[in-house]
């Protein structure tokens, strides 16, 4: 009886799993996947895609983690990550389904409906009916249909891009750039070939991702999907090669052949694109079927060049990974204790909490070194600038101090920043009294807290904790760091609203002698 009870109670569980897997697959195919294709389809319509980007940028440009690339990440990266997550859930449910089979709790043939059987048979008939051998290899009807639709997407994107860009090219606009009309159109066509190539590149690595949850979600395997990788690889290299050749012809025709050796610090880096194309051409040549079959090891090892291909491709298309965000240094304050306060311009919409940290890179000192510094400014109190305090103690900070404290009239310091990164909340506001103990430049996190309390007590008339700041410094000159507690533009700040007690100690100097004191 017990065994019979288990057998009778198990089927509802596996039926529920079947329903959940079907729902996940429908969500993945009809909402996420087709939705992403719709985004690609609408991208050539600049007036529509710009509306989407503008709305997304309003939400992401002020984000600490997404920044200026937020719209691209939301539109193209998040859907793929969501698909991968759905695939993981789909595989987990499939494992539970297999566990039921292994336990013998139910039998597939007895529970499978006639509709499911008919669906499987119809799919098989469709695949067999249209299977054939040609330039694409052996393909099914479904594969051929998707291939034709993908080619249609590429043709549609390229033609729409050209139509929209050519409409803005006139004899007047070409003459303004000292170009002929055909040269301006060639420049535009070369760029659009690269954009269409990016569509193919976006899908290039999915078919060969071993153990991919996305492939499993669509009923595919990495072994059976290699042909999709081959198709996409040919399209990528065909479009990127045409993209590069068109630009070379354009540079020769316009007398800008020197552009081939340009590596700009911002925007497009031409040398990086040429190197990426070179590595791609080597892989493409060794992937010719005859070479791949006869000299497989040559094909296999040269395909590791995909690492360099992708690295230089990323460096070619933009500076998102090449460097941090360039910041404009609007002013600085130099203290006698060899300490700097650097003030950078920021968007008023950028918000951060006290004790946040910002990473700073000064390429003229070192292109590789990024150093974290505590943000001392308050995003609401000082909406258009963000400040950090740097004490000259190490070699990097001493070089920066020398650059700022002895500026040349013609010099301009180029700075890249990343962040700020900080806590999600301000827990210190719930206490009645804050006792903060610091040593030397360690006072900077407490400066940001004090400025936050000043804002809360002045602008919002909130009850704030009493503050006791105990700080120790090596020399009396270091006491000037206390001047940083208040921002330079402190006209609207009422310090009297905050109960602040400061106890400062100098540890490396002897107390000056007074008249009448014993030696």
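Placed from the backbone N, Cα and C atoms, the Cβ positions cover glycine too.
TrEMBL labels come from automatic prediction, so no person has curated them.
Among the residue ranges 106-129, 298-321, the one that TrEMBL annotates as transmembrane segment is 298-321. Check TrEMBL against the ranges 135-158, 159-182 and you find transmembrane segment recorded for 135-158.
Across the domain 'FAD-binding FR-type' (322-427), DSSP helix (H, G, I), strand (E, B) and coil residues number 12 helix, 41 strand, 53 coil. Highest Cβ contact count with the transmembrane segment (230-253) among the listed stretches 73-93, 135-158, 268-286 falls to 268-286 (criterion: pairs under 8 Å).
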